[in-house]
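Heads up, the thing below is written out as structure tokens.
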Amino acid sequence: MSFLGFGGGQPQLSSQQKIQAAEAELDLVTDMFNKLVNNCYKKCINTSYSEGELNKNESSCLDRCVAKYFETNVQVGENMQKMGQSFNAAGKF
């Protein structure tokens, strides 16, 4: 790779950049988890509950909600990657 950053592959990240990237990824994962918990809780858990444990309906609802959330997240991620690749191939940034 040249000193101007052209040619030969991707530039190497410094340790600080790797730490920042890991922190950003952790923030994204934490945010996604919190949204998943909030959305599925609102959808599946009755606000006037009287039991300490989840009942069968709540448990099934939460299971389906989490599965749909992850499936949707994967589909959106794949579509975003395809869009990014097509923009890069067309020379748009």
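Glycine is no exception: its Cβ is also placed from the backbone N, Cα and C atoms.
As recorded in Swiss-Prot:
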- C40-C65: disulfide bond (DISULFID)
- C44-C61: disulfide bond (DISULFID)
- 73-93: region 'Required for heterohexamerization' (REGION)
- 40-65: motif 'Twin CX3C motif' (MOTIF)
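Annotated features taken from Swiss-Prot, shown on the structure.
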residue : record         : CB count, 10 Å
C40     : disulfide bond : 19
C44     : disulfide bond : 18
C61     : disulfide bond : 16
C65     : disulfide bond : 17
- For the region 'Required for heterohexamerization' (73-93), jot down how many residues DSSP puts in helix, in strand and in coil. 17 helix, 0 strand, 4 coil
- Note on the structure: Reading the DSSP string in three states, the entry for C65 (disulfide bond) is helix
